[in-house]
Amino acid sequence: MSNDSNLLATDIEEYLRVHENKDLMRFITCGSVDDGKSTLIGRLLFDSKMIFEDHMAAIEKDSKKFNTTDNDFDLSLLVDGLQSEREQGITIDVAYRYFATEQRKFIIADTPGHEQYTRNMVTGASTCDLAIILIDARYGVQVQTRRHSYICSLLGIKHLVVAVNKMDAVDYDQAVYKKIKADYREFAKQLNIADIRFVPISALKGDNVVNESENMTWYPGSPLLRLLNTIQIDTDINDKFRLAVQYVNRPNLDFRGFCGTVASGEIRVGDTIQALPSGKQSKVKSIVTFDGELESAFAGMAITLTLEDEIDISRGNMIVRPHEKPTSSKNFVADLVWMTEEALHVDREYIIKAGAHSTFGSVISINNKVDVNTMEKCEANQLVLNEIGSCNFEVAEALHFDRYSENRATGAFIMIDRLTNATVGAGMISGSVEALAKTAPEYSAFEVEFNALVRKHYPHWETKDITKL
């Protein structure tokens, strides 16, 4: 076991103290079927010595029964937990694993590569800071590679590590790696991700995963784990204060506090705040936590605020700074991932739940549907399981939100079926209908007609319909 594991076994309090101040990175592994996602995670855990002896013994036993490789020890079984996954050698569920290095703590989400499990991937990626896109060196950039990359971009992941896996299968050929790197960079011009890094690896053999590879001395960069340890994610934090009230704490007549997790920004005792939707203002009297009162609190902290004035605040309300208010609207546009077998019904009433706030609402129109394999937009009058589309929403009570690209915590929501209480969709807000209408490009009648003429007579030019941009 590693030093951390030894410390965990001998002095739990010291282990917790050491790890308390480490920053946390959540990352997702995704790629085509059988690209080696589970094997990669198994290799990270194995080579960083984060596996206990009893777990090792169980995996060695299971390897004899389910082994999908030629090795005596199947690393993918460290992650593939479902019986059907082990029998088929694939990942179906979203599997989470936890480990830590001297620099940082990690939560890994291993997601399915199959298209029919797109909703599982969306679930796993929704809270991640970084994505590892695995590409099989034998096949290069595939359709599923594009699909997973697009979904990561859609969900606001700002850091990508493209791991070209199974380099051992192509004799560690540098030319193969360079071609895949060039192909992906060309494709990635369509993505809204600025930080993309590349590393050639062999998860099965351990090359460039935790330790540097002796077989790829031509690669000048860092192994995968070193990249994960050094990529800076703290710059992604939004500095506008947002606190969604989860409940009002009233243990006695002398105390009234508003509990929730700080979604973004920072708050201090004495700061002026505004409650939404009432618009009432007050000042922070105290910030109470499990460890006692604090002078300030920041994103990610679970706190209870007490105020100097008695103002009306209840569950589902939002506390902000008066000069940094979010958008408030009953009409908004959002990218919607449909997550159930029954198709989306336009104008049907669903429960719209954003944080702790719930209201009734419906999709009043579908702007377009996105082919996640090609990223092309097309017309649609419904969305079915695993499809993604841009939709116009109308809700009964105004939502207080930021654009998802600016704040993932306050720009996301889920849709719940009123009859079954099942979660049927997940949405990422693009903005209010009014705001987006102001920024939409306006084309003259001549431009629209000319565009239609070009598309009709010169289809090989692949000109896009400007009315749908």
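In case you wondered, yes, glycine gets a Cβ from its N, Cα and C as well.
These figures come from a predicted structure and were not determined experimentally.
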* Swiss-Prot annotation (region 'G4') - matching range among 165-168, 233-236, 237-240 -> 165-168
* If H, G and I count as helix, E and B as strand, and all else as coil, what does DSSP give for Gly31 (GTP binding site)? -> strand
* Where does the mean pLDDT land for the region 'G2' (89-93)? -> 46
* Among the binding-site residues listed here, Gly31, Asp34, Lys37, Met167, whose Cβ has the fewest other Cβ atoms inside 10 Å? -> Asp34
* Give the number of CB atoms, excluding that of Thr111 (GTP binding site) itself, located within 10 Å of its CB. => 27
